[in-house]
Amino acid sequence: MQTRNTFSSIKEEITRSISVSLMIYIITWAPVSNAYPIFAQQGYENPREATGRIVCANCHLANKPVDIEVPQAVLPDTVFEAVVRIPYDMQLKQVLANGKKGGLNVGAVLILPEGFELAPPDRISPEIKEKMGNLSFQSYRPTKKNILVIGPVPGQKYSEITFPILSPDPATKKDVHFLKYPIYVGGNRGRGQIYPDGSKSNNNVYNATAAGIVSKIIRKEKGGYEITIVDAANGRQVVDIIPPGPELLVSEGESIKLDQPLTSNPNVGGFGQGDAEIVLQDPLRVQGLLFFFASVILAQIFLVLKKKQFEKVQLSEMNF
């Protein structure tokens, strides 16, 4: 009986330990692993709002450039490259979730016209595969194959991302036509400042929640600070919690105002969006254009030959 109770106790301890470990893992790493563009996928049915704004800007507050390059025109059922460039200073280091410094990651969302989608592996040429590297793209939703996301991936290696795209064929997709279409892109480097629930990340400026005198600053063992602010008028105390990462700007005994920055801004990244246009070209129109050019060239040749023939006739008449 005692052996059975001992076994039950050991089993309970093991179960409790596993549960605690799992909770610690979720609390510690969830903000890191659920990085862009996963947040957008979880919170928004469509990444592009009616205003044209891409929702990634809700969490990545700094504005940074992004560039996209696509062919001017493509034929139906053809694989082509969409190259997204996310430039930034490779020497920069960002504040990680644990407060330490590390390299920047990048991510991108590519919003293609309806019918355009990620090219299947067997249609991608070796040249494009080499440019892609080890990237793994995914659809924003199973029902939205024209919206592709990637990231976070190391910015040092993938500040230029090549998407392999398959153009649609109007012969098999009746809702697709030979037209000029817009393509939208959003790209960011570095961690965001706001989580989807509205809470601030440690990649942010922290401001004073009250005015008064900084009476005490406690540096936490695992990083970060507890700042006690005392209102000189009524003696009320307010404690502001600063997570690991941002650098402190105030000191004990200093008089501060409401919303005054207590820390520096550690953010070195940001988000940008852009657009491009692509024409889905009708092969018959291309053939017609080539035929027209060929006919013009032939007409020019015939005119030159006719002119030379006429000159020979004139020359022979003059000699006669």
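Indices start at 1 and increase along the chain as displayed.
Glycine residues also receive a Cβ, built from the backbone N, Cα and C atoms like all the rest.
These features come from Swiss-Prot:
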SIGNAL    1-35  signal peptide
BINDING   TYR36, CYS56, CYS59, HIS60  heme binding site
TRANSMEM  286-306  transmembrane segment
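DSSP assigns HIS60 (heme binding site) to coil in the three-state reduction, placing it in neither a helix nor a strand. Note on the binding-site residues CYS56, CYS59, HIS60: the fewest other CB atoms within 10 A surround the CB of CYS59.
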